[in-house]
Amino acid sequence: MVLIRVLANLLILHLSYAQKSSELVIGGDECNINEHRFLALVYANGSLCGGTLINQEWVLTARHCDRGNMRIYLGMHNLKVLNKDALRRFPKEKYFCLNIRNDTIWDKDIMLIRLNRPVRNSAHIAPLSLPSNPPSVGSVCRVMGWGTITSPNATLPDVPHCANINILDYAVCQAAYRGLAATTLCSGILEGGKDTCKGDSGGPLICNGQFQGILSVGGNPCAQPRKPGVYTKVFDYTDWIQSIISGNTDAACPP
């Protein structure tokens, strides 16, 4: 009952937030309820982000999603019809790389969160493994989130929307954004029409079944031609992530 009341309040805040932001999943369709068991909804001080459960105790999201009063929801699909196995967790520990921001791009935009209590696999909750190889240009990738499905005016879905996009040549994003970090991926549709943006920050980019990216930044308005999304490249951080999880909290980030 408490979780239901919390989610009702979250919906109200979600509506308010969407009126301020046009940068979310555009050009997609409703996700299948069984395709996003790893997807987390991260809520902190009026801001919404996505996240990815990578084992029973850890979630990956974007560094710039870090705000006070963070709550992490798992097992969610329709925000108006609560799944029986939906859970709420809080951060027990947070880990970052040194984060530098210029006027356009976040560098090392990654945050590893240890949950206050582990979760169990269930009908709507299961982790997504870290990648074994980096993606190649042209790879088909899946993105998802609960954000607005129209831009610039907001239209909110009750369920997360998913879209297929592609890994693009790094030069496309270099031309679109100043100061692009080397540990990022460029992904979208070159001619526009499908994309993720700010409101889905921290959500996953899944290419050929592997968790390859964390949404960092995108164009505004979103889904514009030659303005694809920029994603933190998860493969480059796998050693750091695994070291932190194993207890080496002084592990070095990639350069």
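Residue numbering: from 1, along the chain as shown.
For all residues, glycine too, the Cβ spot is worked out from N, Cα and C.
Here the candidates are Cys162, Cys186, and Swiss-Prot names Cys186 as the disulfide partner of Cys173. Swiss-Prot names the disulfide partner of Cys49 among Cys31, Cys65 as Cys65. Between Cys207 and the candidates Cys141, Cys162, Cys253, Swiss-Prot records the disulphide pairing with Cys141.
For Asn45 (N-linked glycosylation site), the nearest of the disulfide-bonded residues Cys31, Cys173, Cys186 in terms of C-alpha separation is Cys31. A Cα-Cα distance of 22 Å separates Asp109 (active site, charge relay system) from Cys162 (disulfide bond). Taking the recorded positions Asn45, Ser201 in turn and counting surrounding C-beta atoms within 10 angstroms, the largest count is reached at Ser201. The two recorded residues Cys186 (disulfide bond) and Cys65 (disulfide bond) have their Cα atoms spaced 20 Å from each other.
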